[in-house]
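Student: Input: one structure, supplied below.
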Amino acid sequence: MPLNRTLSMSSLPGLEDWEDEFDLENAVLFEVAWEVANKVGGIYTVLQTKAKVTGDEWGDNYFLVGPYTEQGVRTQVELLEAPTPALKRTLDSMNSKGCKVYFGRWLIEGGPLVVLLDVGASAWALERWKGELWDTCNIGVPWYDREANDAVLFGFLTTWFLGEFLAQSEEKPHVVAHFHEWLAGVGLCLCRARRLPVATIFTTHATLLGRYLCAGAVDFYNNLENFNVDKEAGERQIYHRYCMERAAAHCAHVFTTVSQITAIEAQHLLKRKPDIVTPNGLNVKKFSAMHEFQNLHAQSKARIQEFVRGHFYGHLDFNLDKTLYFFIAGRYEFSNKGADVFLEALARLNYLLRVNGSEQTVVAFFIMPARTNNFNVETLKGQAVRKQLWDTANTVKEKFGRKLYESLLVGSLPDMNKMLDKEDFTMMKRAIFATQRQSFPPVCTHNMLDDSSDPILTTIRRIGLFNSSADRVKVIFHPEFLSSTSPLLPVDYEEFVRGCHLGVFPSYYEPWGYTPAECTVMGIPSISTNLSGFGCFMEEHIADPSAYGIYILDRRFRSLDDSCSQLTSFLYSFCQQSRRQRIIQRNRTERLSDLLDWKYLGRYYMSARHMALSKAFPEHFTYEPNEADAAQGYRYPRPASVPPSPSLSRHSSPHQSEDEEDPRNGPLEEDGERYDEDEEAAKDRRNIRAPEWPRRASCTSSTSGSKRNSVDTATSSSLSTPSEPLSPTSSLGEERN
């Protein structure tokens, strides 16, 4: 089922800019979501990073609508007076009728204006509004589902606010209301039921039923067409939530999803084909290290190494300079996030490294928040021992240095037998004795509340990865979000990612996947799957993703065992790379950040808003989509500088020199010439394929007149890439060649 986008990103370096043709002077955008200034999940990141781009387009006519939370307002919002008379009258009217509505500025980049609705203060109207929802939409909400009840309150308050704003506006604006996820979907349904003159958009970032089915060990993607959705939702006691989500999808003027894979899922589960796919982006400037990300990687890796020294005290029998750091992070959904596949692949990798006598060691981190009651005592002790050893070494070093200085000052060579006295040797022996431990280093850094049934810990027991000296793969489960104030691993998430070598995200259900995207913009290679939105997006736009450090694991057309074997192959091949090859690969990975910038991906949202305006106000706006063939898009070519496969890339000399491994000097090519990052970056960017089609979406406004420009066709440089761009995978059901 091909699902072409109605707008292409045509402004990557070397391509023409796409100009906005709509007159938005008398248009207002309200973006409604439960995670406005309220961090719960990934939608918070979407709104936070997209705010600046949307604000640049809409200016002061852009508002975010979300729930009022005391914690969120205290730490993220500056309360202000309403900037316009119409908005002030709207807030005053609602507050005078028993609601509590707050207005302010979200303290993030772009500083968007926010309207916060106090859901708890309106609980007095819950039963009446639930009755109205039943009469209007035939959706009943049980009393015990607090989240669904909050969705009802939030939806009615949002509709009340939009209706009041339209009533209080002297010059009736063209209002666009963009609703994210089912928690905000009730408001969309009510806007259509009450016939408010509002252009509505509904974006689902993941379907409710899809997430529940995948978590239940169901062969989800092979049975999408066969599910009895009402029966499945009812058995999982989420039928009322499913009805809210499905109603919002059908009521919206424009329905969007975040990825091609989720679009197919939504068509079968929600019974509506999305109008457009709106991929998630990132604020790339935030992660830009100005060509210093290699140095930042080294600095962050040193912080991780300090933790490893303490965690493995007494068993630090591996070379930290030959140690790679892998990690998986995200919501603790054991099978959905692919932690089961990752653990199995680590066990197989451990076997391969041992039987092949590899000197490489892998430390795999699992950063997934779970229920804990405290830090593990052994883990805390390890960091304390490490700090004590450091203090002891510094004390001895100072005494040694002072005696050496005094000896040289009088013009004689020091007597090495007198440099350290008996007290110094006693101190060092005590330090060595403190590093002795009988048990293996702990697998988990915290005390788990359900240790016996925790899926990660039970799997580790089954595969036998206990951090023994014989293991080449070590496992560390950190069941808590990373923080720079932690007494164990005092780094924030961004710094931790920069210090690792590879992010592993073998997800079975991942509508988009921000974690591999964040790795990409920070120049860290990652493993994703062809069942994640990010993985499909990269396969579509990159001719050879693995050459750029984006490994795509096949979890669609392979069995679970075959997927584990493929992941093991990826991991083992990565371990075989030299430091030089990893540096080159990180340079290429960071170069892909342009693909994920909201500056370009935000245009999908722009297209969705234009489509909604043309459907809601056809007398004022027209939208003429010009669908292009999927194969006419652009693709990053395969890099021509160095073969991406470690097995095909050899050193120019039997042993690497220190100069060769220094990232500041740049790695050497096969012919001995220095690898130039800037030159390679320019070469790759020159060879981005230009689209050979007229602009896909042509929008006109009756108020501003019609103006249509076609994108000039650009020619790409001739590299050793295929003469014709490869077409992206159009459907999950199609076999790949």
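Cβ from N, Cα, C; glycine included.
Heads up, here are the entries from Swiss-Prot:
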type     : residues                                                       : note
BINDING  : His205, Arg211, Arg331, Glu510, Trp512, Gly513                 : UDP-alpha-D-glucose binding site
BINDING  : His291, Glu292, Gln294, His297, Lys301, His501, Arg582, Arg586 : alpha-D-glucose 6-phosphate binding site
REGION   : 634-737                                                        : region 'Disordered'
COMPBIAS : 658-681                                                        : compositional bias 'Acidic residues'
COMPBIAS : 682-695                                                        : compositional bias 'Basic and acidic residues'
COMPBIAS : 698-714                                                        : compositional bias 'Polar residues'
MOD_RES  : Thr700                                                         : phosphothreonine
COMPBIAS : 715-737                                                        : compositional bias 'Low complexity'
MOD_RES  : Thr721                                                         : phosphothreonine
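Tell me about the surroundings of these features in the structure.
Tutor: Around the Cβ of His205 (UDP-alpha-D-glucose binding site), 23 further Cβ atoms fall within 10 Å across all displayed protein chains.
For His501 (alpha-D-glucose 6-phosphate binding site), the count of additional Cβ atoms within 10 Å of its Cβ stands at 21 [all protein chains shown].
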Student: Which residue among the binding-site residues Glu292, Glu510 has the fewest other Cβ atoms within 10 Å of its Cβ, if you could check?
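Tutor: Among the binding-site residues Glu292, Glu510, the lowest count of other Cβ atoms within 10 Å belongs to Glu292.
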Student: Nearest of the binding-site residues to Glu292 (alpha-D-glucose 6-phosphate binding site) by CA-CA distance, picking from Arg211, Glu510, Trp512, Gly513?
Tutor: Gly513
Student: Check Arg211 (UDP-alpha-D-glucose binding site) against DSSP and tell me helix, strand or coil, would you?
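Tutor: The three-state answer is helix.
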Student: Count the other Cβ atoms sitting within 10 Å of the Cβ of Gly513 (UDP-alpha-D-glucose binding site), across every protein chain shown.
Tutor: 28
Student: Which state, by DSSP, holds Lys301 (alpha-D-glucose 6-phosphate binding site): helix, strand or coil?
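Tutor: Where Lys301 (alpha-D-glucose 6-phosphate binding site) sits, the three-state DSSP reduction gives helix.
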Student: Looking only at DSSP and grouping its letters into three states, which state does Trp512 (UDP-alpha-D-glucose binding site) belong to?
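Tutor: Where Trp512 (UDP-alpha-D-glucose binding site) sits, the three-state DSSP reduction gives coil.
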Student: Would you mind reading off the Cα separation of Gly513 (UDP-alpha-D-glucose binding site) from His297 (alpha-D-glucose 6-phosphate binding site), to the nearest angstrom?
Tutor: 22
